[in-house]
Amino acid sequence: MSYKMSRAAYANMFGPTVGDKVRLADTELFIEVERDFTTHGEEVKFGGGKVIRDGMGQSQVTREGGAVDTVITNALIVDHWGIVKADIGLKDGRISAIGKAGNPDTQAGVTIIVGPGTEVIAGEGKIVTAGGMDSHIHFICPQQIDEALMSGITCMLGGGTGPAHGTLATTCTPGPWHIARMIEAADAFPMNLAFAGKGNASLPGALVEMVLGGATSLKLHEDWGTTPAAIDCCLSVADEYDVQVMIHTDTLNESGFVEDTIAAIKGRTIHAYHTEGAGGGHAPDIIRICGQPNVIPSSTNPTRPYTVNTLAEHLDMLMVCHHLSPSIPEDIAFAESRIRKETIAAEDILHDIGAFSIISSDSQAMGRVGEVAIRTWQTADKMKRQRGRLKEESGGNDNFRVKRYIAKYTINPAIAHGLSHEIGSLETGKRADLVLWNPTFFGVKPDMVLLGGTIAAAPMGDPNASIPTPQPVHYRPMFGAYGKSRTNSSVTFVSQASLDAGLAGRLGVAKALVAVQNTRGGIGKASMVHNSLTPHIEVDPETYEVRANGELLTCEPASVLPMAQRYFLF
């Protein structure tokens, strides 16, 4: 017997379905459900008097017989590949299926079997995304990891050894000894971690040593001397050992100009950090490299998006991060050369048209580790308000823009760094590193963060209360952050060469060491999902005006942003 429900009543009970629209936080971004994998009238839902009960939505199937470990019911998936309603089955710490959950003995079309051994996470009215990846981390303090996790980041890649001055300025873990200590420390944290070695050397020996020591990538930084010789040497080692290279170019143009850097790269794949230039790089025209087919350009979040306060805060940040002195005129000139409103404004637009591919943090080194998602969606909102709908959109929604922007901190950094076989998207077979969001708090404050299918973090009320919700409610580590569950639910990424050289046996760490792969000639700008545009970029050396394919790129700074003070009263 059929039963008719209004759309509002259905959405309140089972979450939105095809044709329904959802607003993301307090932005002007609206998504529309494209497909519903569940079956109307056969939805599964947990609770008193609900469907997932013995003999109803719960079968007798054992785990060995095919029942999943966890089912997330009626979730709204937001990923680069689609915006869909589905049940999500998790097994062995991975996504086992996306489809229709239930009891195959009583329901048709079941692709996710719910059994007595299945836990339920209620996804009705929630958005589920892949865990974010922050690919520009200065490992200055371990407390960053908690901050990132609670914001929805489940993988952090970068370099450092703590608050050493090299780490305060550069994302490098120099030498195999320091890399080993950081890999050992990784066991203590509920986070997928990956470490970058220092790439600044004119001879390959020391770089090879770091790759064999476990570095997943090599970082070229101007503070260590990013000369053409160092660039060429570093990329040659990377090509031999299949690791990525990240570059922060020469702001002062001492060893060459942007043309010389492009020539030294020789068409090889490279990830260009803070390609706009405020974070560092050839002044004033490093932004030109975002038009190169072999360059994967990224932003760090202090310039995301361009606001009335952006320029004012950057000078002091830069002086601290790069060990500069306000009493030395040359240091002040160095800092001021990097901060240009024209290129920062252009950066907004280049993100919106898909010419910049990645957004990351630059944690504690001119960036905020807990604001990768927030700054990404603030940029998307600002661009919609200023530029209107994208030409790629169809229907009365912002689905394409949302897919473009979520790719910037999920799948694209994963592809760039050889991790997309494990993380970066919500797809069958990948790690179950997932984030649940209430749409009202989307991008700002997660409802729950899973690592390897285990709940690692969530907001939680007073532990002595009779129910979980009484104040004070704040983020707390969950069971996935403790004991062996911590080391089993997350991994440390390393180079394949280091595993072949016996790194796991030498270090004896508890976490699994997983190799990066396909970081070199197999990828490039064209591999960046929804963010692969390569326009011809020109920068006026006098006015700093930026043009893409002849069109002036400029926009006004925002004076008000969504996802800001409204969400952070306390």
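Each position is counted from 1, following the chain as shown.
Each residue, glycine too, has its Cβ placed from N, Cα and C.
When Swiss-Prot records HIS136, HIS138, ASP362 as binding Ni(2+) 1, the matching candidate from LYS219, LYS430, LYS445 it lists for that site is LYS219. Taking ASP362 (Ni(2+) 1 binding site) as the reference point, the recorded positions whose C-alpha atoms are within 10 Å of its C-alpha, out of HIS221, HIS248, HIS274, HIS322, are HIS274. Taking the Cβ of HIS136 (Ni(2+) 1 binding site) as centre and 10 Å as the limit, one finds 33 other Cβ atoms among all the protein chains shown. Counted within 10 Å of its Cβ, the other Cβ atoms near ASP362 (Ni(2+) 1 binding site) come to 28, all protein chains included.
Here HIS274 (Ni(2+) 2 binding site) is compared against the recorded positions HIS136, HIS138, LYS219, HIS322, and the shortest C-alpha distance is to HIS136.
Separation of the C-alpha atoms of HIS221 (substrate binding site) and HIS248 (Ni(2+) 2 binding site): 5 Å, rounded to the nearest whole number.
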